[in-house]
């Protein structure tokens, strides 16, 4: 018997059921890589950020996440070059789905018990997503805005339900507005740290603040 279609597991009906010592024998998720492109690009290299945002409360299978990741990556590599972007899949499939296998061969009615003992065996994993939750983000240079929108639009077709594409007002993957970001870096209130930044508050020892601004 093959894998059951993902439409059977689309809705969030039950409580989260993660892999644990009580829920064993869970097959590995199809998606293993969540960051691709130029992951180590400094925060000031990729100011533009686009998000794919879910418009439904549903479950997305690990196979669908992997298909969307491959689709977006292939388009971005073709249009921006392999070092011109950074894609991050923001969902992780932790919820385990089950299947109560039924025999469909001749004489199966003598072997199986129908709905007696119907708690199934683990079949795969899905990610539970809420309305307004980000599924996938891409950061890149400002001139690649159309390519980001097109890559996310193509990746949308791999998912059920409805998603929206949103170009963020923030700088890259940070939580600071793009129009304030460069001023805050110049004032040394933000220190670039990989693909993120460290925020330096105006509190703390005065000599530490003087050493930073000297």
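Every residue gets a Cβ built from N, Cα and C, even glycine.
Taken from Swiss-Prot as is:
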CROSSLNK  175  SUMO2 cross-link
CROSSLNK  188  ubiquitin cross-link
MOD_RES   32  citrulline
Integer Å distance between the CA atoms belonging to residue 32 (citrulline) and residue 188 (ubiquitin cross-link): 37
Residue pair residue 32 (citrulline), residue 175 (SUMO2 cross-link) - Cα distance, angstrom, rounded: 26
